[in-house]
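Per Swiss-Prot, GTP binding site is recorded for G29, R30, G31, N32, G33, I34, K35, T36, and the stated evidence type is sequence analysis. Feature annotation from Swiss-Prot assigns region 'Disordered' to 143-233, 263-299. Residues or ranges marked as compositional bias 'Basic and acidic residues' in Swiss-Prot: 147-178, 208-226, 266-279. Residues or ranges marked as compositional bias 'Basic residues' by Swiss-Prot: 179-188. Per Swiss-Prot, the feature domain 'W2' maps to 290-449; the stated evidence is sequence analysis.
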Amino acid sequence: MALQNIGASNRDDAFYRYKMPRMITKIEGRGNGIKTNVVNMVDIAKALARPASYTTKYFGCELGAQSKFDEKTGISLVNGAHDTAKLAGLLEVFIKKYVQCYGCGNPETEILISKTQMISLKCAACGFVSDVDMRDKLTTFILKNPPEQKKGGKDKKAMRRAEKERLKEGEAADEEQKKLKKDAKKKGSKDSTAKGLKKKATTATGSDEDHSSSPTRSHDGDKAAADDDDDDVQWQTDTSIEAAKQRMQEQLSAATAEMVMLSTEETEKKMKQPTHKDGSTNGSAKEIPNDKPAVTKPSPYEELIGDIKASLGSAPTPSQLKAVLASSTLPPQDVMNAPLEALFGGVGKGFTKEVVKNKKYLAVAVPDEGAQTLLVQAIEAFGGKCNPEALKEVPVVLKALYDGDILDEETIVDWYNDAVAAGKDSQVVKNAKPFVEWLQSAESDEEGDDE
């Protein structure tokens, strides 16, 4: 298939990357039924990123003839016998008016239709918005048959969420790899220090044995020298308490030696202390009554809150919280309520900052749309028992979770409508009203733009 550059002004540019197929036409029929068939109109329209019906209709408007494009078969027909060069010239005019950016000339544009029924071209290369001349005949056809809009809203949000999850998993893998490297380095340093201590102990043992050698050995000097030169000599370590203490004093510094605690003296002191019949030492303690106060066992819900706080104790990760929540056998709503109480219990002013700070843990608890409803209901339940200062920040918290792709606008609006329909007059619902109204107005504006 022969290709040519898009736009007459770029015809001689050998390195121009925007190309389209060269037009192929075919004359069909005779007499009054003669028609011109643009054989590859579908391929040309794909290259221009415009519907094939637009180009076909433009030929009909400019030639004053009837034109028709069949969506099922992809056949483009214009009444009358028309030369290929003439149709190609009209196509260049169409490209200049409805495809190329008026600012940079690139064909990477998208047709936009405003509320006031004005057509404009938005350039993806430079961002320039070009206003189309509304006096042209084709504009009426475009307004009646607007181009298909790209998938937005939920699909975009789902893509962003999937991308964030992918980045989080990558960061978690990197952190785990760094931790393994650190552990390996620590282990290597410990092994090296242990080898150094062992070497010092060996040299100290040798010096001890040199000092404690017998007089007979000093008389046999030649024999001892011969023994030192022998490679098969095996040194033995003196395991007596005195030798061990001496080695400790030689190897450890004064500061370290004070930290070493020998348990032998303490055990001897304890053995010497007299024990009375009542089990007390030195008569200082009195008899402990056998009747111990009954300890109330915490409920499963309180145990879950305790487990969550324990998992968030030192170097917490979202995966740890996810494992704790997955292991719980409580109802789903209780499982969702527990993280809020564990994370934000007792928080007053600054509730929103805490939510933004810990939103990664909330994101783990909300894997799907059903869990979003549970989270909104958990916020409502938490608002009934939280600090009044935190209660005022409920709408800001909802917006923070909405901006963080943890809650969708549909979930928030549906929850609010259900609460109002059920006659709930809680302060959480009242405080959330301005934010819900803002969501609804923004949604209606988007629908107006689409129309």
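Don't overthink the numbers, they just go from 1 along the chain as shown.
Glycine is treated like the rest: Cβ placed from N, Cα and C.
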Binding-site residues listed as R30, K35, least Cβ neighbours within 10 Å: R30
For N32 (GTP binding site), the number of other Cβ atoms found within 10 Å of its own Cβ: 7
G33 (GTP binding site), number of other Cβ atoms within 10 Å: 8
In three-state DSSP terms, the structure that G29 (GTP binding site) belongs to: coil
G29, G31 as binding-site residues, winner by CB count within 10 A: G29
Secondary-structure category, per DSSP, in which K35 (GTP binding site) falls: strand
Mean predicted confidence [pLDDT] for the domain 'W2' (290-449): 78
Which same-chain residues, if any, lie at least 6 apart from T36 (GTP binding site) yet have Cβ under 8 Å of it: T25, K26, I27, E28, L77, V78, N79, G80, A81, H82, L87
Env. residues of GTP site, Cβ within 8 Å of mean position of G29, R30, G31, N32, G33, I34, K35, T36 Cβ: E28, N79, G80, A81
